[in-house]
């Protein structure tokens with residue numbers, strides 16, 4: 001078993017009690033493979049959830065496609081020596097750690113489909129393509145539980161901190177990416193009223209006005225010499241100048257103490273936040289919401305957001321996984337919602353011009369069916385590119401039980417294929433997802449997600465994309481073509497890295513509260 005303490009059922013005991021913890025195996029792996037995986041974890045490290053995945057990364061500069069980097073066993077690891085949680089990917093054939101991501105408090109774990117999960121990593125957007133949906137669901141539940149507990153603990157500490165200073169032009173954050181300016185209109189929210197922190201201003205040019213700054217006040221003139229007469233001086237029409245500094249304002253629903261009012265958000269703002277993968281917790285966090293507010297104001301305010309959203313077509317919500325057979329023999333039990341072998345399209349999220357545009361399907365030999373209209377997308381479902389297809393073809397019977405595994409359940413049939421190209425008028429289609437590399441010779445039996453497990457056992461080396469990595473060094477990020485959604489995602493990823501680094505210091509102060517959680 002693990003090189004740490006022997007696995008015993010239950011959760012960690014109280015302060016001073018014996019460590020009672022066990023490693024959770026995967027049903028897709030054989031006993032000796034689970035055993036080997038536990039040995040790779042390290043001293044006093046426990047896996048709370050284990051399954052088989054493909055690791056996809058949306059690499060810079062454009063982050064327009066998913067690139068499959070590794071294939072292996074993923075573990076949600078409780079690392080007691082470091083007093084932190086990690087998502088770690090191990091290669092069973094290589095016998096080593098392939099990739100890891102530490103869990104930070106502001107991490108937003110999204111599930112566009114039951115088998116494809118995504119979140120912002122330290123360097124780029126990360127996607128996990130699971131071989132088994134039930135194990136994927138258990139993995140997601142554990143990750144979100146730990147994120148929620150950490151956020152609750154830190155929100156209690158932040159209530160005692162003073163509110164952040166008001167956003168002033170001289171105090172703008174200098175790390176925002178350059179985005180082409182969006183012209184603002186003069187129609188929007190209520191006009192007039194006091195100019196508060198929650199208002200976006202648009203200048204109305206008027207060359208005929210005088211130098212007076214405020215409507216209804218006299219133009220500045222020489223001071224009176226007679227104090228007695230100046231106290232009761234009447235103001236005539238000649239003393240009143242034309243209005244100046246008149247501005248049209250639109251409300252974005254933000255204040256420096258409570259963040260954005262999530263219950264009264266403008267629909268276009270809500271759509272922008274949904275596409276960029278921003279959660280309600282981030283919108284109500286004082287520091288994070290100030291960063292988002294500054295970004296919106298720098299890009300042209302609410303009118304720029306409205307113009308950006310008007311250029312985007314409404315996107316359909318994700319359909320249920322299609323289980324119906326198609327073409328070459330069907331994937332197994334359960335009738336699919338598509339019927340007749342025509343798969344439904346998964347969600348298309350993100351801006352067509354942004355960091356994560358929709359991807360056309362991998363060439364399968366036939367034209368895909370038209371998308372099924374479903375209405376507008378649900379909130380909170382935006383940001384990363386759509387899920388990639390499984391490793392190999394989608395036809396054929398389910399994979400047989402693995403030899404010597406003692407009869408573990410076989411993985412479920414594959415989910416529906418990726419979406420077709422976007423409709424005309426919604427912008428140029430982004431480059432397609434490159435075909436998933438497979439081994440030479442005849443395809444592995446079982447197809448679909450069973451082949452993903454075979455890749456791990458056989459140790460297939462997946463093709464990398466060195467060109468994309470070289471371009472990320474040679475070229476600056478292509479912010480010009482990303483639009484507001486992609487630029488906002490880029491800003492939030494920077495914010496995640498800052499919070500991640502600052503959490504290391506905060507965790508030191510909260511060690512006394514977490515002593516019961518970690519094993520010595």
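Glycine is treated like the rest: Cβ placed from N, Cα and C.
Record note: among 1-23, 24-46, 1-23 is the stretch given as region 'Disordered' by Swiss-Prot.
As annotated in Swiss-Prot, phosphoserine applies, among 211, 426, 501, to 501.
Of the residues 230, 351, 439, 502, Swiss-Prot records the annotation phosphoserine for 502. Feature annotation from Swiss-Prot across 85, 104, 293 places phosphotyrosine at 293. Summarising model confidence by region, the domain 'WH1' (41-150) averages a pLDDT of 93.
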